[in-house]
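Asks: Quick paste from TrEMBL:
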COMPBIAS  B:756-773  compositional bias 'Low complexity'
COMPBIAS  B:823-846  compositional bias 'Polar residues'
COMPBIAS  B:847-858  compositional bias 'Low complexity'
DOMAIN    B:158-231  domain 'PAS'
DOMAIN    B:233-284  domain 'PAC'
DOMAIN    B:299-520  domain 'Histidine kinase'
DOMAIN    B:564-681  domain 'Response regulatory'
MOD_RES   B:Asp616  4-aspartylphosphate
REGION    B:730-886  region 'Disordered'
Amino acid sequence: MPDFGDHVDNGIFSQILEMDDSEADRDFSMPLVLNFFEQAEETFVKMDKALIQRNLEDLSGLGHFLKGSSATLGFNKIRDSCQIIQQYGHKQTIDGASEPNEDVCLKKITEALNKAKSDTSHLEGKMKQFFKW
Amino acid sequence: MEEPFVGPPLSWSGSSSIGAGPSRLDLNILFDLSPLPLLVISPSWRITNASSRLLSVWHVPSADACVGQELLPFVQNQLSASPVHLRYLTVAIDDAIATRTERTTKSISPHSAASWRVRVIPIFKDDELVAVVTEWLEGPLTELNLAEDQIVTPGLSIDEAFRMLVQAVKDYAIFLLDTNGRIATWNAGAELLKGYTRDEIIGKHFSIFYGKEDLAAKKPEMELEICMRDGRVEDEGWRYKKDGTRFWANVTITAVYKDGVHVGFGKVTRDLTERKSAESRLVAAYEESDKLKSDFLANMSHEIRTPMHGMLSACALLLETELTERQRDIVGIMDESGQVLLQVINDILDYSKLAAGGFSIHSDIVGITSIVTSVVRSVQTTLPPSVHFELFLAPNLPRSVQGDPLRFRQILQNIVGNAAKFTEGGSIRVRASVESEDMDSYTVMTEVTDTGIGIPERAAADLFQPFTQYDATTTKQYKGTGLGLSIAKSLAELMGGRIGYRPNPERHGSVFWFTAKFKKIKSLQQIQDWKSKLVAREGTILASPDHDVVSLQKQLATVASIKHFLLVEDNVINQKVMLGMLRSLGFKNVALASNGSEAVNMVRSKPAAYDVVLMDINMPVMDGNEASRAIRKAGIRVPIIAMTAYALKGDRERCLEQGMNDYIPKPVDKKLLIRTLGKWILKMPDYRRSFGDQLNKLRHYEALNPTFSPTPDAKEDAAAFWQGSVRNSSDDTVIIAEPPASAPPMTGNEADRETPSANTTADNTADNTPTAPLTHEASVEDSIAHPTDSSAEGISVVPDPVRSQPRSIDRKVQGAPQAIEIPSNNEFSTSNHGSQTSEATDSGQGTVSSESATSSTTPFDKSVDSDDAPVNTSPAAEKNLFMLLP
């Protein structure tokens, strides 16, 4: 398995790869990963929209949603950004302290979203190489 | 200077008819003929009248000899009074004039044969002083007079000194109240403190200084009442000034008596505002620093504990690998030292929590007998063969009570652990009984008697103090923080009990005892609720080491084709991964629901269709918590395993509270999934069995498995357990003494059939479990004949000689009632030699028939779990049966 650096939790991702019937084919993991990037793309679009509407509740839900799938695949960097989006969507800092200032929350979410997007496209490139799609 | 003479005033007569025309002459006669020695003086202190009595007493020839004379020279001449004594007189007259009230002097003229006291009565007409009447009271010369005389410095009378003192004091409000509580005097301090001037306040009731609440509580009246009863009263509280502001005051009220008659109250008020605020600042600072200290300790302990656990787990894993003997020794030392350190840290953490008051007692179900036996068992494995263990469980001990099992165990573990630590030969006897019982609770007394090194008298007093450790040797032979007993004491007190020590009365050694109060369990429903929680929690205890995962996976694969899952997950990616993971384990029958609402509908429509529900928590429409509640509400007991990415401490408990059975953090680890599924699919009884069966199963489970106590967290349990040090190289991750007989694996449709007891025993032997099961054999004669001579590692379960009742156990097996009579003096010795068990089973030795010998090995197997056998065990019989069980 190639080294994805700190983008990917190798332990978790290898569990996914192990579910493939053959390493040549990767008929389980490849569609899954492709699926993830589609899902991420869709979610980012929704997040952008929610950001414009200043809809923190939606942002929190979307953050949680993408956090779930990125965590399942072991995509740690994306997961962490999603965690930030989820937390500030709840008007909370990462430590769970209250952050009543919506502007601060929206700013943090914007930053995290941008990071998530760039991490996603970076990882997509690496995955493309790995799966040779 | 000429003053108007207005005739002799007769103020003492009670009449105020001064100058009333027709009676003037009468009054003169009255004055003159009065039996009292009287002198009337003008405002310029000249004598205007003298009564006949005075003239005769003082041997003055006629009134003319004195009228017109100045008072002081006349008195001095007559009585040869000293200047000091004359001063009494002048002060009294001044005072009387100033206050417009009568005054009486102290004794004057002690040098003559008699002493005189003078009553001074000022007579005013409006604001004008008309005259002063002096009445001369003759009295004997007394010692007191002499003494007083010597105290007073020349030129200052005592009265005057006190008056000046009281007047001048500015820091205290000092004033007198009359008998009704109305203010009679007022000093400078009072004026400054309370803001009222003298004129404003005199005559007002003193309750004016009190706040509304105090008035409503009738505090002023009560204070006077108490003062009358006790002579004085002291109070601290808020008092109000004239401007409405308040101050924190210390108030002392003293009842004042004059000549035995109550004349009023002396009241001294002090402003404590400054002192109080200083005090509260001090208290706040102290509390803050104390809290900081405790927080620090707790945090530090936590910070240290986490890597400690990591290290110990690594050690355990390392011990599992192939090692040379020398390597194994070294790792063993690492492991052991780590355990000691962990215990020290846990002690300190407990202590700091206790000291900070942050320790709470949980309410859970407690199986006292099972905890006691399991503690004994765990400690027993650490004992040298020269120490013999005896266990007495009173027959009246309740099976299940409500309380904190973990803390109860912790105390017992500490005491029994100590006994084991300090005893190198002889015996350790543990006795548990009910000390008292009322409507709602039992007080359970547990006593641990050892024949160890004992405790010298001088050390006994400090035993329960923190950080004290009695150590007879100069080199520290016995490890520990010295916190154990002080923690045990606090815990016992938290559980409404006490703890104590006395020397062993029979021989050298100690007796430690403690009591703890437990609530009675009232309803069956309550038991059921607790038990289902128990089953849910039991999971982590059974966590098996890695090498078991492979075999578990194989077992799962054999039943996978007939198992049905419901996966509740909203995220497609997660769905796919879970499906993939389940498929890789062989599970093909997986239904999908994408939110809680769908899941509830699916489960409700097919209540017996699914073997396991895997439930995401955070989902749209209806979340996992709500869905689980709904499923439980519908009476469906399908195992629900929560999956969530919240990986916080307490999440597991929260899921369990919602009615779920277990918890897997996301991303799901395959090994953990295998273990969890292994537990719920292979080991746990099928939920589709009836309620009664479930309950029996649970009882059976509890009875067979003494360590099966409610534990919120295996780690915590392990920590509490550690003192016994049950670790052994072949059993690393399961620290807790866990007899494999506790949960015989049940597979699929065979779940209803328990593994026969003999097989269980055989399994144990094969597993080489360090804490081999305590099986029971009726080795009666042996133990009775040589009570201290029985198997060194054996535990004797001895019927309490005091409380023991004849036991009869009625049970119906396959419809045929059988009775086993066990003589009351029987002793049931238990042993951890697996081989002996099979002997017992084979030969059925002792007084019990071979049929019942088998039963007594694991009596519940027969009584409860015979598939088609109706079971009818009376509560008393159950208790007795239970007595025989570890």
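The chain as shown is numbered from 1 upward.
Glycine is treated like the rest: Cβ placed from N, Cα and C.
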Asks: For the domain 'Histidine kinase' (B:299-520), what is the mean per-residue pLDDT, to the nearest integer?
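Replies: In the predicted model, the domain 'Histidine kinase' (B:299-520) has a mean pLDDT of 81.
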Asks: Report the DSSP secondary-structure composition of the domain 'PAS' (B:158-231) as helix, strand and coil residue counts.
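Replies: Output for the domain 'PAS' (B:158-231) reads 43 helix, 9 strand, 22 coil.
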Asks: Summarise the domain 'PAC' (B:233-284) as counts of helix, strand and coil residues per DSSP.
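Replies: Looking at the domain 'PAC' (B:233-284) with DSSP, the answer is 12 helix, 32 strand, 8 coil.
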Asks: On the DSSP side of things, how many residues of the domain 'Response regulatory' (B:564-681) fall into helix, strand and coil, could you say?
Replies: 52 helix, 22 strand, 44 coil
Asks: For the residue listed as '4-aspartylphosphate', just count the other CB atoms lying within 10 A of its CB, please.
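Replies: Around the Cβ of the residue listed as '4-aspartylphosphate', 27 other Cβ atoms lie within 10 Å.
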